[in-house]
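Some features that TrEMBL has for this protein:
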type   : residues : note
REPEAT : 49-83    : repeat 'PPR'
REPEAT : 84-122   : repeat 'PPR'
REPEAT : 123-157  : repeat 'PPR'
REPEAT : 158-192  : repeat 'PPR'
REPEAT : 193-227  : repeat 'PPR'
REPEAT : 228-263  : repeat 'PPR'
REPEAT : 328-358  : repeat 'PPR'
Amino acid sequence: MNDQTNPQILRSLAKNLKAPMSFDLNRSNCGDVSLKILSDLVSKGYKPHPYSFNSVISFLCKLGHVNSAQKLTISMPFFGCRPDIVTYNCLINGYCKLCHIDEEDKGRRVVYGYMVKDKVSPDLFAFTCLIDGYCKAGNLEVAFELLEGMKKSLFLPNVVTYSALIDGLCKNGKLERAKRLFCEMVEHGVRPSSAVYTSMIDGHFKKGNVDEAMKYMSKIWDGRVSLDAAAYGVVVSGLCNNGQFDNAMRVVTDDFAMSGFSPDKMLLTTIMDVCFKAGNLKAGLGVYRLLAKGFEPDALVLSALMDGLCKHGHFEEARGYFCKEKANEISYTVLIDGMCKEENFSEVETIFSDMLGYADNLQ
């Protein structure tokens, strides 16, 4: 019998952990089930390989059972294996994704507790993942302490590291510090990504610093970086919320075409809704017309359109866009709310009765 466990054995085990009926699996016993099977393997003469443990630990983390994964990590020495950097990176990533990194300071405990004990040095991925986790938890003090620890370990921050820190600073309103970090990033030869520009723009828009936001926008317009759908959504929303409708429409019409970016239906619906909520009916209708040229308006699109029209007092026009075949609960609710505001109660009764009759067909 082979004295090393074929990694495929526990990889298969990891996949089979998806079947609760086979193992009576739940959040509290994932680690116990894994330990039991590993113990059975050892009793039959198998010697588990660290890679096998890492496969199971990674899978447990993906399931969200990070505490069970940590329990399994602690047990590794009893099976003649020692956790390595891959093991700890799985745990760190798992805690970060569950937003548990700041609970009882688990992130630093993993790095400066268990990792130090096992003589495993954090790598660039570990530091960056931890920094991102603490930033998302709003604990910027620890995030910057980790940055210093990272530099002392001779790891240079990369674009992902800077992006996490800048986003954390912007979300917490620390725009001057974010600006200094942005400049440091450029000075060190790290090219800002779409995510970095988006964070800076979003942060300044939310503070009402339109001029500062536009400075970063100008760099985008100069062709230094291309934006994705999420970034364009942030940019257009920020422009609309600050009354910059002309610039917002410039992005929607000109920038999309020049950059070769094709907005999807969801992005255009979001932009249309933002225009309406910001008080610009004309811009919202302009986006709807653009959307209708490339897509078939569905219940979500029509609901947003009717809501915008009703909020601006155009109740009859909103009624004209109502389509039973595409209606959903939101569509009916928007229309009923609009008719109530117009005090057209007879129409409300008609629409409500219509809705009850169409209940089984609502999207």
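Cβ coordinates are placed from backbone N, Cα and C, and glycine is handled just like the others.
What you see is a predicted model, and the numbers here were worked out from it, not measured in a lab.
As a summary of secondary structure, the repeat 'PPR' (49-83) carries 28 helix, 0 strand, 7 coil according to DSSP. Sorting each residue of the repeat 'PPR' (328-358) by its DSSP state yields 26 helix, 0 strand, 5 coil.
Sequence-remote contacts of a segment are chain residues at least 6 beyond its ends whose Cβ falls under 8 Å from one of its Cβ atoms, and for the repeat 'PPR' (228-263) they are 194-195, 197-198, 201-202, 205-206, 208, 210, 213-214, 217, 220-221, 270-271, 274-275, 278, 280, 283, 286-287, 290. Within the repeat 'PPR' (228-263), the DSSP-based counts of helix, strand and coil residues read 28 helix, 0 strand, 8 coil.
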